[in-house]
């Protein structure tokens, strides 16, 4: 505003100029002139009064006087405001000044006018806020309608891309939590197909379209509404629990969500039951990820084997082509984030098997980890699965442990693998890297222990010493003990050989440790042959005896044979001879008696005595005896390898007397593990061989036996290799 148009006196102009010079230029606001402003500078009463107060300044021009003529300090206060004659602070306005009743210019109407201004301003703020709230409510209502339409259309066309684009076009991401709630709640009241579609859509939209915070809020709203859902959906608790478990498995909800939601919900809320059901019934179950993913039919009805095949194919194609982007696209297309640990596992095993492809495969793992395609938990799980099976891999991949440790070191040095997340890694490595001094000491103690056992026959003492010397149950030390036991026994008489077999079946080593012990024995057979010419025959007998005593299974025999595939190798000869011994008629009895024993360190019962005891206990049970007593008697025989005789004699009595009581007895023996499938199959095979003799006393023996075979197959008693035709001839492929 121009103040030089003659509206102010020269004296007032000079006072305004002085006030402007004394003000802080940074705090000066635009000057507003109001007729009612109390801050307007007052005109002096008369020039004489001014001169009488400041007599020394008479005759000096005002423009050379920098200070105010007011008795108060006219300089601005701290902050740029205050001081009479100044313009006030930057934010001061005339609309909010205080009314001073002592002001000579004060009128009563001025206070009323000021109050009206304040009320008007407050009303304007309220109207603006009310208008804004109405707009937000209207927008949210509009979003709700569109969200319902989106969900309905998605359930009809199953088009994830179209749904994602339309959700983006809504442009109201702050309300996406409602879309989550509506999608799940509508799917809960539909078939499994829609439930699976909803779970797949949530996984596809996560992070890219819907922010993680909105997903979290959406599921929180679902838990809060659990009490309402149960009115219309009786099994709402189970369905909602499964949706939450699926979200955790698909990595769109953090596992900590359950604990936080549990603490925020009322204790009597149905949401608490949902959380407990999700934790105990789904997320705590073994193999829960696969079970949850397959609960509603799976993702596009893919089986686990199909996914494994696809993973294997994409890794093979990547090794050939080296196209990382294409490999990442294929991984994303699988849409199974919870199963990415299988990709990690297979990639590492392939890198261990094909050294020339190691660099390329590790680059793929690095890229997928850094870009978040494979998260850290899936990466750690894949490595831990290999750590758990490193011993088995060592049988197929030479130096598997060293190669795997090298891969871990490379991953850690490049920054895409966190060693601290491999919880079992340090323990496992300690198991594998045994100090040579410890091994030497254990060998000496084992030799002394075995020699003492050959003198005393005290199995319990050997077991006690083994527990103290190998308290960590190290697999390598167990294998060394097996090797040392059989090596010392082969250089002694039959009594010690029998005692060695009995001890081997009594110490309860893991089967893998026993397998490794036999592999070590066969590898050292060339040196052993210098002292023991019949080493092949002895090793074959020990190996077949281990299978008869059920220390090893036929699968373990095949595993040992796979290590020695050269036709003329000692290992191949040992395995072939052991298989030949097991194929013979009544092989179990002959192998058991080969060293003059009967399952103990001293001469055992005669076979006829055992058969007689079995016949008597079965006849006693069939005539009304106590089942528990019969089970105890079978256990007291101490000959699990001879339980096929129990099966055979029971079947003969069943066919002769049509005794359902004995059939139920066999069923119970099988269910409690007293008679194994191996022994059950062998017992049926022996009856099949003697059907011709049995038919002399029971004409329809063959027909009855066929019926019982069918029943046994339904019960799951018989091995798949057992077959029986109508002529009464049996075909066995499992070495009987």
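Cβ from N, Cα, C; glycine included.
What TrEMBL records for this protein:
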type: REGION; residues: 1-111; note: region 'Disordered'
type: COMPBIAS; residues: 47-57; note: compositional bias 'Basic and acidic residues'
type: COMPBIAS; residues: 79-88; note: compositional bias 'Gly residues'
type: DOMAIN; residues: 142-263; note: domain 'MI'
type: DOMAIN; residues: 306-427; note: domain 'MI'
type: DOMAIN; residues: 441-562; note: domain 'MI'
type: DOMAIN; residues: 609-728; note: domain 'MI'
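When the domain 'MI' (609-728) is classified with DSSP, helix, strand and coil residues number 89 helix, 2 strand, 29 coil. With DSSP states grouped into helix (H, G, I), strand (E, B) and coil, the domain 'MI' (306-427) comes out at 101 helix, 0 strand, 21 coil. Secondary structure of the domain 'MI' (441-562) per DSSP, as helix, strand and coil residue counts: 96 helix, 0 strand, 26 coil. Per-residue confidence over the domain 'MI' (609-728) averages out at a pLDDT of 82.
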